[in-house]
Amino acid sequence: MAALLRRLLQRERPSAASGRPVGRREANLGTDAGVAVRVRFAPSPTGFLHLGGLRTALYNYIFAKKYQGSFILRLEDTDQTRVVPGAAENIEDMLEWAGIPPDESPRRGGPAGPYQQSQRLELYAQATEALLKTGAAYPCFCSPQRLELLKKEALRNHQTPRYDNRCRNMSQEQVAQKLAKDPKPAIRFRLEQVVPAFQDLVYGWNRHEVASVEGDPVIMKSDGFPTYHLACVVDDHHMGISHVLRGSEWLVSTAKHLLLYQALGWQPPHFAHLPLLLNRDGSKLSKRQGDVFLEHFAADGFLPDSLLDIITNCGSGFAENQMGRTLPELITQFNLTQVTCHSALLDLEKLPEFNRLHLQRLVSNESQRRQLVGKLQVLVEEAFGCQLQNRDVLNPVYVERILLLRQGHICRLQDLVSPVYSYLWTRPAVGRAQLDAISEKVDVIAKRVLGLLERSSMSLTQDMLNGELKKLSEGLEGTKYSNVMKLLRMALSGQQQGPPVAEMMLALGPKEVRERIQKVVSS
């Protein structure tokens, strides 16, 4: 870079940047036939993937798939001091877990790689050289100390800090003298006063006069790493990105990016800036909130589809809000023109209900139910382990029966290994005294239930059991039907509340019900 700067000193610098001007575009999605739709999700690996990032990735994914396009993961890791170990792997892992894997990525590779900015430095250097040659960029020799003083002075005067463009109009002699002392200066981009208007697919026509509110930005740091503004423009161009769907916080920077496209003579992509995802109270969804990271939700048993559902249901882009949408339905129903400018308010208290709906859908599907059976077996082993008196509870037939009976009643698979459902896997410690406190007719009730099981153990249904249990309580003077149910619930589960007794009996099966009742009565 220093050698290039010296060569440029031998030539006359043009007074204005060259490049093809960016014209006004028609207000359409740019998805006409023959257009190769390519979008990118470009997070910085400065932290693990959280809900805000997932939403941006999802909108890119469903837009790409709706138009038979490609979804690219690019890691913007040029600020090496802030890179968090394991974050890059976590981001791609969580995208795959969520069911929205990239078509091209650091892990998967692809024709436009590498997909980490730290491995694309030569491209940024080439773009910087091109900008220096046309005079659209210039070296800056200002020290960090001077820049800090500028910032403090502006704040002291209640002004917005900005660079004063001190190095913008240095003479060739001045540049040569500075290069002799500092051969690796930062490179700044010369902001133009005339900024092209652009049609944002969400916010409409925009124009931000950046030169009037900020100084010329650094595009290449002295360490040879680019800043975000240059890197994203260079990468989007070389990767053939057709549409940039990103957070609305980048809307004001788009004019700067368009000036870079113009100076480099490149055609810019279509831009769509997505409104922010906020907490229900309107506060910012912060990475500092540990429970917004995807790995937290995965560990807690929330399904990917429920997260995709809730983060789209709270925002816009669809004709109506609707709980329970699957990923294929999201792709089919998504309409970028229906994304509004209003922030999306996320109410995570509703997530269990979203998860309940999606879990119920999985249970009702035979092949997916088999996968849930395997996962629940693992959960039971982990939760109870050596406490299992009877390992028959791990039998797939038994586990599947539990899932079918409790579908629609549980929000997470983990709920089935909570203390409330421990009776399904281990026998409760219930003494005779606990039953006597409920009714004096313990032996009579037990005898009738055992007789019922003997007569009809092969044809038990919940409706039949409900009817038989009501008949069973008839003729028991001083004992109400409700007390009979309390007694049986206590004998079977050791709990005073829970699912209907008839369902408990169906879940446990005639053999286990018989053994539990006999054990308690004889204790």
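For all residues, glycine too, the Cβ spot is worked out from N, Cα and C.
Summarising the annotation, Swiss-Prot assigns transit peptide to 1-41.
Sequence-distant contacts of Tyr228 (L-glutamate binding site), defined by Cβ-Cβ distance under 8 angstroms and a gap of at least six in the same chain, are Glu76, Thr78. Per Swiss-Prot, L-glutamate binding site is recorded for Arg40, Phe41, Ala42, Glu76, Tyr228, His229, Leu230, Ala231, Cys232, Arg246.
Tertiary neighbourhood of the motif ''HIGH' region' (45-53): same-chain residues 75, 77, 79, 82-84, 86-88, 90-91, 94-95, 247, 276-277, 285, 287, 292-295, 307, 311, 346, selected by CB-CB distance under 8 Å and a gap of 6+ residues from either end. If you look up Swiss-Prot, you'll see 45-53 marked as motif ''HIGH' region'.
Annotation note: His50 (ATP binding site) sits in a strand segment as assigned by DSSP. The ATP binding site annotation in Swiss-Prot covers His50, Glu249, Lys284, Leu285, Ser286, Lys287, Arg288 and rests on similarity to another entry.
For Lys256 (N6-succinyllysine), applying a Cβ distance below 8 Å and a minimum sequence separation of six or more within one chain yields Phe189, Leu191, His208, Val210, Pro217, His229. What Swiss-Prot lists as N6-succinyllysine is Lys256, and the listing cites similarity to another entry.
Swiss-Prot lists 284-288 with the feature motif ''KMSKS' region'.
DSSP assigns Lys486 (N6-acetyllysine) to a helix. Residues within less than 8 Å, Cβ to Cβ, of Lys486 (N6-acetyllysine) and separated from it by at least 6 positions along the same chain comprise Ile438, Gln496. Under the heading N6-acetyllysine, Swiss-Prot lists Lys486.
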**Asked** For the L-glutamate site made of Arg40, Phe41, Ala42, Glu76, Tyr228, His229, Leu230, Ala231, Cys232, Arg246, how many Å separate the two farthest Cα atoms?
**Response** 17
**Distance, Leu230 (L-glutamate binding site) to His50 (ATP binding site) (CA atoms, angstrom)** = 26
**Message:** Taking the Cβ of each of the binding-site residues and counting other Cβ atoms inside 10 Å, which one has the highest number: Arg40, Lys284?
**Reply:** Arg40
**Prompt:** About how far apart, in whole Å, are the alpha carbons (Cα) of Arg40 (L-glutamate binding site) and Lys284 (ATP binding site)?
**Reply:** 24
**Asked** In DSSP terms, helix, strand or coil for Ala42 (L-glutamate binding site)?
**Response** coil
